[in-house]
Amino acid sequence: SFDPRAFRWAQTMRLAIQEINDNPYLLPNVTLGYKIYDSCATHVAGQRAILTVLNGPSEVSSRMCSGAWPVKVIIGDSGSSQSIVVSRTLQPFRIPMISYFSTCSCLSDRREFPTFFRTIPNDNYQVKAITQLIKRFGWSWVAVVSEDDEYGRFALQGLMKEFKHIGVCLAYYEMIPKVYSRKRILEIIDVIKRSTAKVVITFSGEGELYPLLKEYAAQNITGIQWIASEAWVTASLFAASEFYPSLGGTFKIADVFNIIVRNQKKKKNQFTWFACVSVSESCTLLVREDESIKCCIMMDISKLQHYLQEVSFNSSGEEVNFDQNGDPIPSYDVINWQRAADGNIEFCTVGLYDASRGAGKELFIQEDGITWNGHPGKVPVSVCTESCRPGTRKSVRRGEPLCCFDCIPCDDGKTSNQTDSIECIPCPPNYWSNAAKTDCIPKEVEYLSYDEMGITLAVIALLGACLTIGVLVVFLHSRNTPIVRVNNSELSFFILLSLTLCFLCSVAFIGQPTYWSCMFRHTAFSVTFSMCISCILGKTLVVLAAFKATRPGSNVMKWFGPRQQRMIIFACTAVQVVTCTIWLIAAPPFPLKNTVYQRSRIILECSTGSDLAFWCVLGYIGVLACLCFVLAFLARKLPDNFNEAKYITFSMLIFCVVWLVFIPAYVSSPGKYTVAVEIFAILASSFGLLVCIFAPKCYIILLKPEKNTKHHLMGRV
């Protein structure tokens, strides 16, 4: 079928040569001639045409290339695959070839194609420009559709190489067959529809691509962002209004300029023009070197190729020259397909890609002027997986591309503050991750402070101390009554004093631990409780001794007089004091920042310094309590009008139960609750002693004074 674009290329060449011949300053006395052949965009037709040129004026078979036309340069072909065939055919004859539309990067290989030149940039630059465009809009999941030849395969290789540098993955790669197959076309379209990739890059000529896009438009598929190759970006075949719903918004980075020729409203391809001017410039240089040249047949082909390599001129504001591989230095326009007033597609420039700029600055885009397919005013999203937000990390799915991943929340104590983080960074030792896992914040310092729990325990402790002092006042006021004097009032006063200290020392466990408070709280608690239990032990011994002394000839009471009782209290308390002193000297308690038990916070606690010393102190109190309990239990049935031994038995039973329960609770309680458990044990055991031993006596003193008489006491005995 008739190809209007190829026709324009031919007319551009004819016009360019005509203008060169009409210019008296170019090639004086030398006229350029030309002959145009149609390659029909096929390898066979292209090779047949070039063999015709080499073999002679008539298309007849010849075993030798003799009598050939005086051809010095070949301009063409448009397709890369055809140019590969033609260039290899020309290579033995060293005839230069200048292509105006072959972009395959493979043609830049001087070992394979030493005589090949082109005025259009190769696909390596085009691939880099496309890659920059993809990177600019954040597309990481794209597809490629190309024709099944060297042009398509080399373009794919270049894309894959660039994609690795920017983290873009290929969703699929489909090849359009050179021979039309409707079945294959439908298969490709089905892949496009089913894929999650919303960006499709194409490297194909318009002839191969037309059946695919025609079927694509017929199925009214939208929402795909096409990125076109140089080969079909301005093809008039796709400019009709029927293609706009499906192809509107298509991108292309193209080095195409529209030049008005002789007041005609016809567009000519500037690359074809550049090719013809390059030939004239190189011939001019050659003629200036050798003025004896009067016609083209006298030109040396090897010298002509040399001057082609050195050509440099300016045309329509564009600098044209060739690098060492025969390629021009590129500068691209970013073209966007938009709807024209008549409903057809028009090609609008919305940006620029200049390879001569610094790295990262090559691409300039005017986003406000872009039309998007299926996404009015909004950049389409094409990712296999949405970006992982800060606070998560990427975890690649096994067997899938790197762009397909799961977003795994960072573990506690680790953070990520960037999108698509590969790993979560652990927080410093005294920091912890916030709830969103995006930042490390100082760890919360936890200790039993004067909050609700701390204040409650402090109030209970002070209440207990006040009650104890109240009992002490009652006992002092009634110190001469039988109920106070019956079991050594001095011991009762010592017990009440030590209980008051027990209640008050529990307050030392509340608040931020310091070096001095850690030492004070443990030693004060152990010494005061030892003193209290020692007094109760002395009181129990007095009860036993009192009734042992009633037997004839017994002198037991002389061993348990007031002086001996004081010695018992002093000795039992001194053992604990010595133990605590050794503890404080050898391995004293100290404040410790515990980050092991609960990693999310710092538990500020008092380390015992020596676990052995701590449990020895508690063990000693336990031994005194058990001894006191056994003695009180043995004396429970002795005749005692005030049931002293029974009350001591109950108090010691409560004391032992509380501290037996304390051990597992203390070991298993977290953070500040460890201290709260210890305070609770101190308060519970103190209240147990206060209530069991002194409440019955206060009841009689205050409410039953008639029982607080010597007669009542002696009557029971």
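Here the Cβ of each residue, glycine as well, is placed from N, Cα and C on the backbone.
Annotated features, as they stand in TrEMBL:
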TRANSMEM  453-478  transmembrane segment
DOMAIN    453-717  domain 'G-protein coupled receptors family 3 profile'
TRANSMEM  490-511  transmembrane segment
TRANSMEM  523-547  transmembrane segment
TRANSMEM  568-592  transmembrane segment
TRANSMEM  612-635  transmembrane segment
TRANSMEM  647-667  transmembrane segment
TRANSMEM  679-702  transmembrane segment
Under 8 Å Cβ-Cβ from the transmembrane segment (453-478), and at least six residues away from its ends along the same chain, one finds 484, 489, 492-493, 496-497, 499-500, 503-504, 506-507, 510-511, 672, 676, 679-680, 683, 686-687, 690, 694, 697-698, 701-702, 708
Long-range Cβ neighbours of the transmembrane segment (490-511) (under 8 Å; 6 or more residues past either end) = 447-450, 454, 457-458, 461-462, 464-465, 468-469, 471-472, 475-476, 484, 517, 520-521, 524-525, 528-529, 531-532, 535-536, 538-539, 542, 562, 565, 569, 675, 678-679, 682-683, 685-686, 689-690, 693-694
Per the Cβ under 8 Å criterion, with at least 6 residues separating them from its ends, the transmembrane segment (612-635) contacts 522, 526, 529-530, 533-534, 536-537, 540-541, 543-544, 547, 572, 575-576, 579-580, 582-583, 586-587, 645-646, 648-649, 652-653, 655-656, 659
Mean pLDDT, the domain 'G-protein coupled receptors family 3 profile' (453-717)?
-> 83
